[in-house]
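The block underneath contains the structure these notes are about, expressed in structure tokens.
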Amino acid sequence: MSIASKAAGVEFRNVTRRYNTVAAVDDVSFTIEAGTLVTLLGPSGCGKTTTLRMIAGLEMATSGTILIGGKDVTRLPATDRNVTMVFQSYALFPHMTVADNVAYGLVVSGVRKRDAAAKAAEGLELVGLGGYGQRLPSELSGGQQQRVAVARALVLEPEVLLFDEPLSNLDAKLRRKMRDDIRELQQKLGLTSVYVTHDQEEALAVSDRIIVMNKSVIAQSGTPDELYRRPKNRFVADFIGGANLIDGELVGRSGGTATVALGRLTLSVPDPGLPAGEVLLAIRPNAIRLRPAPVGSAADNAASEGIPVTVRKATYLGSHMEYGLASEFGDLFVVDPNVSNPVPAGASALATFTGDGIAAVGR
Amino acid sequence: MRPRSAIWLALGWVGFALLPWFAGGGTQPALEPPAPGPAGSALIDGLTNGRWWLLPIALPLLLALAVTALPRLRPRQPAALLAAGAFGLAWVAVQGFAIGLDGWAWGWLGSLFGPLPRGQGGYGIGAVLTVLSFLFLMTSGFAGLGFMKGDRFTAGAIGLVLAAIAAFVFLPVGYVLSGAGDTGDGGFSLVALAGRIAAPDIWRLSCLTEAKACGVVWNSVFLAVLTGIATTLLGLAFALVAVRTGFRAKKLLRLLTVLPIITPPFVISLAVILLFGRNGTVTLALSDWFGIPVSRWIYGLPGVLLTQTLAFTPISFLVMIGVVQGIGPSLEEAAQTLRASRWVTFRTVTWPLMRPGVANAFLISFIESLADFGNPLILGGNLEVLSTKIYFAVVGAQNDPGRAAALGIILLCLCLGAFWVQRQWLGKKSYATVGGKGDNGIPSELPRGIRIAAYATALPWAAFTFILYGLILFGGFTENWGRNNSLTLRHYLAAFDLSWGPGGLIWSGRAWGSLFTTIEVAALSAPLTAAVGLLTAYLLVRQQFKGRGAFEFLTMLSFAIPGTVIGISYILAFNQPPIELTGTVTILIICFVFRNMPVSIRAGVAAMSQIDRSLDECSLTLGAGSVQTIRRVILPLLRPAIVASLVYSFVRAITSISAVIFLVSPKYELATAYIVGRVEQGDFGLAIAYSSALIVLMSIVIALIQFAVGERRIGRRTATSATLQEKPV
């Protein structure tokens, strides 16, 4: 006996969930391929947790259809779905030992006691907690409790494994390790996983695909790379990776790139597919470099290479510098790896743009 | 899931076709009592005995059978079950109420359809089973249509609780309303209702202008306000002493809070009589030493006020201690770092935070005082209050149920009004400032003046209370308190004598009968109360459904209905078919279950809100159904709440008097009713002996149940509080 995967895909077709008149999830459709890890990412209150709970069967869709493994499960309660979930609070039953917790799902579905215990031990082994079975959850550390919750969800060999902000109760160091472990386990067992988080870095790190949600609808979905490099709208550009948002004008396009004018400067960005005219430029903080302000005739020349700025704030962070800049296009936030020759606060400087890390989105 | 509704359908058929439809018993000898066994079932009786109105009950059962058995009709099943259940319930209820012992119960039906060949008795086992079957068919239909997240168990549980509350709280209260408007010939008129409710002897204010007694309402309200003020101040003083001072004997103060639970309410009155009655110790001493003449001053407002204050101060203490503990010390520390002195801190931070709790304590004491029956009965003298007046309107020479019902309505409105105000107040103005997080800080000391005042109020009062209890325990051993203080076991022997006869042990004491009945009734009602209460708590805390707020209000309502009103309403409602229960032990049990259920609900709600909801959700996603989740996850974590409700409902069943004094019968006499009877006969010795025996018994029971159910085992406390802190996003 071993823990296998029965991974199945998930599909939402025009799913809406209303509380009285307020829609928590509004006409959402997406498909999750079997064996992939997909993250639902968004600020709190965007509907991501409601979406997750609808997959679990803990919330019922007001309208629309939910399919798991091609079967319509819209009206099926949680008990009857082959979906398990790792809760934010871990939800370990405090009155049962770790082994009983892990075996719980097997026991209630009628597996013989001895088989259930054997499989539970195997599940604990899998998450690196062999030998902890007889402890109470309260006798484990936060990270260990998290692993128990994962083991408990795994031993049922679910079609879909759900994670509801699983790392939010761990400290920063442990969080990084746990997210790598979860990803590794998911890939090793080929699980279909849906993962909810509001931490964009976590989402980028673990996901095959990310569904960014905002205000009850999907803002954009795609691979981490697509979302970071070609955000479709202001919200995604800002939410993933952070960006300086300044006004520009799209003046031309050729072969997949577009030309955007920023004052006297022209920049090329991936073609956003927008009509020519006013656009918003999303400039990543690390796409800007600082250079001491040129003087005299060089200053004229420089105007076609960058924009003149005043450094309001310079912060030394060891591996890089962080600058707050004032410019004619508004305030800019810059992360510059050049720590050996920092520009001091109060100085004038020239901000230039690297080729990558700039995207145009609609205003 | 389907098999379960099939089982209920089968039971419905059993109830309809196999079990006796009517309750046996002496109510209908003239009506050709139905034969026992299947011959007395609704089916047979309807076919052979001319009770044709029983036969339509088969229709919904047939419909349900059809949709369950025929696969072709499966898609229609939920709607059909819903319709069948609803129609079945409605028909059983309507025919039950419309046709009484002597035929049509509603006259206009008789003139419409002509006379019936015969009447019918109350519902029996068959009818009960059929009704339950219809109820669950209906709820399972609801669930099938997607209500309650499609959870049949939840739907069924809500249906059951609602139906039970409707039958045993609202139906009786409805009878009180209609009883107050009784015209004397079975009709109902608003004029009669208004006339009874507005009766001058209830409302007159003559005591303000001339030397005559005021209306009974003003007496009750005046007494309740005084009691409320006194108990609130005392409770506050106790709470401050217990929480905010370095007082050593805090445990002893805590003991105070247990006393009212284990003491029958009128026992305090007995003790007060031992002290201040005509033969009371204090009275005699005063007359011997100072020549103060012996008088009956204690019988009347002073006595009742004194005993009620003694009896309800612990309740107010319990409320206030929660309030005082709920004030986060860090707030006061913050105020002090902002340069407020102790006194200013108390005045500007502590007191405003306590104020809602103080109002709450006042309202609770106010309601308790209004509803109190035993103390005014024993010590009232010429002071008439609503609860005793209701009693005498039923059992006294006047025997006027209409008047009792009218008084009941007034008392009910007063109590519900106070209850409503309390809920409003609590809803808007409660500041719980202690969060789940470790809220560090040391409660600040009280300002000197307040500390002295609190000590000076609380300690003498506590001493007084303990003296009274000492007197009760001691008084049973004296020959005749005050007149002949020689020690004797006479009263205990009279009550609890045992002797050996030819057939073995003979329980020859006079109290054994009522004691055994009491224990039996309490033991039967306690688990039922706990079960219904916790089930309701589960629905309230864990299930989201439309009308949850209203549902909660309904369940708590029976708490605000005074015992005397419950008593009179049960007599009015359950003295005749279709639900005929008076004189049985069932009515006592039902009365206790619905009287004590709200406390059980509160204990359950409090405990369940402590258990993170994700635990049940997790259990559900792991494949356990609602029932399994309750059994394996919730119940084990609820042990403290289960203990609390078991203990409370058992003890309350033993100590309560106001409702059951209407419901006891010679066959089923209860201890409290028996004691009150002894007091009315002037047999104090036996009453006191019996009371102290009850107090001792109750203490033992509480200790035993506590021991048997045990502590919940979760391990280190820190980690539990960590799991409990999580909130769903």
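Each Cβ is built from the backbone N, Cα and C atoms, and glycine gets one as well.
Marked as transmembrane segment by TrEMBL: B:53-73, B:80-101, B:121-145, B:157-177, B:221-243, B:297-324, B:404-421, B:452-477, B:521-541, B:553-572, B:641-664, B:684-709 (among others). Under the heading domain 'ABC transmembrane type-1', TrEMBL lists B:217-422, B:515-705.
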Take the C-beta pairs under 8 A between the transmembrane segment (B:221-243) and each of B:297-324, B:452-477, B:553-572, B:684-709. Which stretch has the highest count?
B:297-324
Quick check for me: are there 3+ Cβ pairs below 8 Å between the transmembrane segment (B:452-477) and the transmembrane segment (B:297-324), leaving out pairs under 6 residues apart?
yes
Sort out the residues at least 6 away from either end of the transmembrane segment (B:297-324), same chain, that have Cβ-Cβ distances under 8 Å to it, and list them.
219, 222-223, 226-227, 230-232, 234-236, 238-240, 242-244, 253, 256-260, 263, 265, 268-269, 272-273, 276-277, 280, 354, 356-358, 360-362, 364-365, 368-369, 372, 375-376, 379-383, 385, 461, 464-465, 468
Among the ranges B:80-101, B:121-145, B:553-572, the one whose Cβ pairs under 8 Å to the transmembrane segment (B:404-421) are most numerous:
B:553-572
For the transmembrane segment (B:521-541) against the transmembrane segment (B:641-664), do we get 3 or more Cβ-Cβ pairs below 8 Å once near-sequence pairs (under 6 apart) are dropped?
yes
Pairs of Cβ atoms less than 8 Å apart decide it: which stretch in B:53-73, B:80-101, B:157-177, B:553-572 has the most with the transmembrane segment (B:641-664)?
B:553-572
Among B:53-73, B:80-101, B:157-177, which stretch has the most Cβ pairs under 8 Å to the transmembrane segment (B:553-572)?
B:157-177
